[in-house]
Amino acid sequence: MGTSTTESVVACEFCGERTAVLFCRADTAKLCLPCDQHVHSANLLSRKHVRSQICDNCSKEPVSVRCFTDNLVLCQECDWDVHGSCSSSATHERSAVEGFSGCPSVLELAAVWGIDLKGKKKEDDEDELTKNFGMGLDSWGSGSNIVQELIVPYDVSCKKQSFSFGRSKQVVFEQLELLKRGFVEGEGEIMVPEGINGGGSISQPSPTTSFTSLLMSQSLCGNGMQWNATNHSTGQNTQIWDFNLGQSRNPDEPSPVETKGSTFTFNNVTHLKNDTRTTNMNAFKESYQQEDSVHSTSTKGQETSKSNNIPAAIHSHKSSNDSCGLHCTEHIAITSNRATRLVAVTNADLEQMAQNRDNAMQRYKEKKKTRRYDKTIRYETRKARAETRLRVKGRFVKATDP
């Protein structure tokens, strides 16, 4: 052959580990066989993607022609450069190559590419492929009859030779073996490297935990969260909370109301919350009343001390609880005073806005009464020129018209 082909290895764009042997036209991605099965078996839409082999010369484009003389698969441009440049290479036996879609099995791919995985004859694989693959071997081996007649005359021997995969046949054989082992060991799942995040970068594989250990850990956690759980191994009894008594007790002590099995009602919790809320409200009311009385008494004491010039230090000996209630009530009183002031300011603003709106409406009505509807001429020069221009049927006559 006149030109020398450069054999370059292209890594798979999905896993980044194995050599890419297929080119997906829809995704414009180069994939190895396991990743191709993994990607295009995701849904029905991805199964429609047409894939074909990668050119042996440029390793960038999908193949369109197979050269039997040089045992190469070439894209359209490389085929034109190789076989269209000289007359000697134009006589090489070539055939068109078509892509495939779907998710063919390992045996079907091996039969298409002429690779013997199970030791069977290629004719048996060819018959199996014709029945199951969804497209005949003629589209793979010889391509379209019209294209084949335009290239070179072909015979039966050309069909038998059309199974050659090119220079990457050994790589395809290894990936088919890997794919076959993945189907057998994984029960139909494709063996794809773990940690792939889509961009070709591989992350560290996360440690896996067996399903049995997860069940055991869940059962242990469930036993540890039971209400009557007792640690017999250490000899220490755990305290449990009794919602009926409102306090904690030992698991061995009998409860007034025994719970039956796993049926557990939260009525006691609701009652407990309601009782707590009622107690808090009562305590708040009492503290508010006490503070009100203290405030009135302190006010009177201050007035008396002012009149008698005696410092008002009457209630300085109050307990800490009373002082806490006093601070709480003062905070509430201050908040209520601020809210009252805010409401008063808002009402004043609304009244001012209403008054301003009434004044504006009155001014508008006064202007409307004195409004004059006289016909005024805004552009006097245009008016004068329009009166002197010639009209025909009410329309102006252009200066260029005769």
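Residue positions begin at 1 at the first shown residue.
For all residues, glycine too, the Cβ spot is worked out from N, Cα and C.
Per Swiss-Prot, the features are as follows:
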BINDING   C12, C15, C35, H40  Zn(2+) 1 binding site
BINDING   C55, C58, C78, H83  Zn(2+) 2 binding site
COILED    345-372  coiled coil
COMPBIAS  295-310  compositional bias 'Polar residues'
DOMAIN    357-399  domain 'CCT'
REGION    287-322  region 'Disordered'
ZN_FING   12-54  zinc finger
ZN_FING   55-97  zinc finger
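Looking at H83 (Zn(2+) 2 binding site) and C15 (Zn(2+) 1 binding site), their Cα atoms lie 35 Å from each other.
Note on proximity: of the binding-site residues C12, C15, C35, H40, the one nearest C55 (Zn(2+) 2 binding site) is C12, by Cα distance. As a summary of secondary structure, the domain 'CCT' (357-399) carries 22 helix, 4 strand, 17 coil according to DSSP. Sequence-distant contacts (6 or more apart, same chain, Cβ under 8 Å) of H40 (Zn(2+) 1 binding site) comprise C24, S46, R47, H49, R51, G102, C103. Using CA atoms as reference points, the binding-site residues C12, C15, C35 were checked against C78 (Zn(2+) 2 binding site), and the closest is C12. For the zinc finger (55-97), the predicted model reports an average pLDDT of 82. The two recorded residues, C12 (Zn(2+) 1 binding site) and C58 (Zn(2+) 2 binding site), have Cα atoms 16 Å apart.
C35 (Zn(2+) 1 binding site) and C58 (Zn(2+) 2 binding site) are 22 Å apart (CA-CA, integer value). Take the CB of C55 (Zn(2+) 2 binding site) and look out to 10 A: across all protein chains shown you find 24 other CB atoms. Secondary structure at C15 (Zn(2+) 1 binding site), taken from DSSP and collapsed to helix, strand or coil, is coil. Summary for the binding-site residues C12, C15, C58: the Cβ-based neighbour count within 10 Å is maximal at C12.
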